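> Attaching a single structure in structure tokens format; questions to follow.
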Amino acid sequence: MTFQNTKAFAQQLDAEDPLSKYRDEFHFPKVNGKKVIYFTGNSLGLQPKRTKAYVDEIMTDWAELAVEGHFYAHKPWWDYQERFANPLSKIVGAKPSEVTVMNTLTVNLHLLMVSFYKPEGKRFKILCEAKAFPSDQYMIQSQVKFHGYKPEDAIVEIQRREGEHNIRLEDVLAKIKEVGDELALVLIGGVNYYTGQVFDIKTITKAGHEAGAKVGWDLAHAAGNIKLELHDWNVDFAAWCSYKYMNSGPGNASGCFVHEKHHHNKELPRFAGWWGHNKERRFKMEPDFDPANGAEGWQISNLPVLSLAPYLASVEMFDEIGMDALIEKRDKITAYLEFILHEIDKEVDSTFEIITPLAPSERASQLSVFLHGEGRKLFDYLMKNGVITDWREPNVIRLAPVPLYCSYEDMYEFGQVLKAGILNS
Ligand SMILES: *Cc1c(COP(=O)(O)O)cnc(C)c1O
């Protein structure tokens, strides 16, 4: 398709967009009385309007039923999390028994590492990407120290080549081979938070297994954004937060995946609690732990139902739309944004460099743009003029044209504000 940098053309794309009606299902902050152009859905997704009713329902049930709400609420609380199994399993390509919701992301990765990072003899190393999200770096460092190793001995980082912004698949595979029988675990972010690079989860997982390692994924920027087939790709475990692309609200609960092949392995160490106990017997208050079947066997505490409510609203919306439709629009609107950036680049005397991979298979709903020669002033100008982006040193803005609620017209308008901002600065 040939794009045009005109308002009429953008409006035409919106008119043809089968997902355009979902835009009205979200609350947008306003600047100067106008809805903002929201590019930070990869950091905190917008609030769906339907979410409040899910929360209100629990507040009402709690007021009217108190403890009886565990069993007699509209959506009983004792097994509230089971409502996620079907829709969430479709979003991440899993069997319903392989997913559950609990805790928060870094906490879940720690808990899953208890089960899946079991250093032994010479096999004690963890492979991760260089410049991983800081929480992942701290988590991995603290895990290896907990097992008595030094981070410099036990952590192997996959580097970018000199002058390149992204990690090459061939370099990941070569590193896995090189570490070989010293490799205990591969743990990478499925979509890099900074560049938006999408990793080939299937190929890397297979290579990790061939080296005899376990393979887990941090899917913070992947869940609700890219097509996942966690079961078929044979991923051992994964976790993701729900407040980025999944619009569940600040700091909200995490989803996690444990592959079916591990469900009946009683040898796996795990940190247990009563909510992971055999469900039929949970309230018998027995002394010995008997894990529930599936990912739910990793649950610890009874669930924070009030925070699961917004997540459930969101998961049901994703289920209604389906990942395929979302991905189709994602690719088109991202391509349109890329086109707009190049058009504006030609019109002003400035150079942008998109550091996100250009290949559609290696990117999703994010373009990270290096603004050579522009300063923080430009970012402030954008914010003041209703374009919400996110700034990272040195001079990189991250733009997430989230297909659920961003419009093609937003992309066009963004180009106009960007141009005015550069000419003004
Ligand atoms: C957002 C993000 C996190 C955040 O972790 P929390 O435990 O939810 O605070 C962790 N890892 C990655 C890769 C992220 O993008």
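Cβ coordinates are placed from backbone N, Cα and C, and glycine is handled just like the others.
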> In TrEMBL, the residues LEU105, THR106, PHE133, PRO134, SER135, ASP136, ASP218, HIS221, TYR243, ASN302 are said to bind pyridoxal 5'-phosphate. Which of TRP62, TRP274 is said to bind at that same site?
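That pyridoxal 5'-phosphate site, as TrEMBL gives it, pairs LEU105, THR106, PHE133, PRO134, SER135, ASP136, ASP218, HIS221, TYR243, ASN302 with TRP274.
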> Given PHE133 (pyridoxal 5'-phosphate binding site) and LYS244 (N6-(pyridoxal phosphate)lysine), what distance in Å do their CA atoms have, once rounded to a whole number?
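The Cα atom of PHE133 (pyridoxal 5'-phosphate binding site) is 14 Å away from the Cα atom of LYS244 (N6-(pyridoxal phosphate)lysine).
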> Note down the number of other Cβ atoms within 10 Å of the Cβ of SER135 (pyridoxal 5'-phosphate binding site), including every protein chain shown.
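Its Cβ has 14 other Cβ atoms within 10 Å.
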> For the binding-site residues listed here, PHE133, TYR243, ASN302, which shows the highest count of neighbouring CB atoms within 10 A?
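Answer by Cβ density within 10 Å: TYR243.
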> Tell me the Cβ contacts of LEU105 (pyridoxal 5'-phosphate binding site) under 8 Å, same chain only and six or more apart in sequence, or just say none.
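Expected: SER135, ASP218, ALA220, ALA239, TRP240, CYS241, SER254.
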